[in-house]
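Trainee: Below are the features I grabbed from TrEMBL:
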TRANSMEM  50-73  transmembrane segment
DOMAIN    124-464  domain 'Peptidase M50'
TRANSMEM  124-144  transmembrane segment
TRANSMEM  151-170  transmembrane segment
TRANSMEM  190-212  transmembrane segment
TRANSMEM  412-437  transmembrane segment
TRANSMEM  457-481  transmembrane segment
Amino acid sequence: VLQSSNSLKASYEDWLLTYGLSVSPFHLRWQTALFNRQFYNWGRWKPKFLYLWFSIGMVFGIVAMFGSVILLGKTLLQTLTQMLTEAPKAQNDRMLQVVVSVPSSGLCLRTVPGVNLPISQLTYFFSAILISGVIHEVGHGVAAIREQVRFNGFGIFIFIVYPGAFVDLFTTHLQLISPVQQLRIFCAGVWHNFVLGVASFMVLFLLPAILFPFYYTGVGALVTEVAEDSPANGPRGLFVGDLVTNLQDCPVYNVEDWNSCLGDISEKSQVGYCVSAATLQQLSFPARVYRRLDGTVECCSNNSLTDICFSYSNKLDSHMYACLPARKVIEASKVCRTNMDCHKDLVPSFCVTPSLENQTRLIRVKHPPHIDMLYVGHPMHLQYTVSLSSFVPRQNFLSINLPVVIETFCKYLISLSGALAVINAVPCFALDGQWILNSFLEATLSSLIVEKQNRELVGFLILLAGSALLAANVALGLWMVTAR
């Protein structure tokens, strides 16, 4: 039995070796020489152009190395300041975040402690990570071939659940070339990530022009999804395919306007509606007035889903309250802030304002040709549970989700490829920044510090400081996320 087991193990190891597979706890790795010819074709294509391309990348990599240290230093100081203050700034104000925020809707998967990623966007997340890693390693591989370094193979790996890529270069050749040549190779990865991020940004910026023959923009925000638990879900709510054109008196031409209008509505006080004195007397009915726990007033005690308590000021400037049917009050009424806004007509009118709990708003959502949706709640709940697109198909057979897919994927590429460039540029052990720093010191300090051992000591101390800086940012960032 033991001999059979050993034979099976040997056969299994031979099979893994034949197909370039390596399996260990939490780590799966595959390496192949199938793409070597393609890499050599790329590395020998237009040598002068590639020399200029990777020379620019070398300059960018060196600048990125110093810039990443400054960025991490400022972020660390900002995080420490935020920890020590009683009223910290919003998370979005920080210069660099350890995690990427993703719009939360639907079921979420916890990827790292305190970080939620919607399951619906897992494909974007992991695809962007893999593509960013492949483009990064293609940069190293092509630059190495351009500098006459032997290329052994290309591979991909999965560490726990995160995918990545790598290239296998002949170490002896790397050690024999000059430090400047080494810099072109080591900086190529972060350079290609930067270029990928810029290219993704350009696609995102030019997307309206790219999709112009198939989709038009600037006419409203198209509803692409309404969450099941959304307050906008219902017979008088929003449906997939609806085109939102207004939120209150705020025009909506695209998704950015939708978000901006909701932000303004959330920050400003509730708007009122002009109602004539005769209509007010006709619609209102006696009801008991009482104060809520937050100090606001409620005057509708019949638990109706159609009536809302409105407040207004009479001629004596005393506050009056009336329980009114919301839709009848709002339809055919113009918005107002004070009674003076309603005095333009000869008919005596009052500016009646919904008397709602703090942070709660009554929002009129126009999505013609359907009847207006009247939403009562926090504006952000509406923002988080309704997905929209700025692109409206010119033909019915065109997918309303295609522009959203392209937009979302480009945003993930910009974020993750940019993060990969910044993090890899940090002078830290096991990152590209380690080799960039060592080659940079060899290229610049050889005449100042003659002894190689002393140059290596300087590099080691810088790497130690960079590693500590990165580790401190990650640790404090995760602590800030999990402590909230």
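From the backbone N, Cα and C atoms, a Cβ is placed for every residue, glycine too.
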Trainee: For the transmembrane segment (190-212), which partner among 50-73, 151-170, 412-437 gives the most CB pairs under 8 Å?
Mentor: 412-437
Trainee: Could you tell me what the rest of the chain brings near the transmembrane segment (412-437), counting residues at least six beyond its ends with Cβ under 8 Å?
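Mentor: Contacts of the transmembrane segment (412-437) (Cβ under 8 Å, skipping residues fewer than 6 from its ends): 61-62, 64-65, 67-69, 71-72, 96, 100, 121, 124-125, 127-129, 131-133, 135-136, 182-183, 186-187, 189-191, 193-194, 196-197, 200-201, 204, 459, 462-463, 465-467, 469-470.
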Trainee: Give me the stretch from 50-73, 124-144, 151-170 with the greatest number of Cβ pairs under 8 Å to the transmembrane segment (457-481).
Mentor: 50-73
Trainee: Would you mind giving the whole-number mean pLDDT across the domain 'Peptidase M50' (124-464)?
Mentor: 91
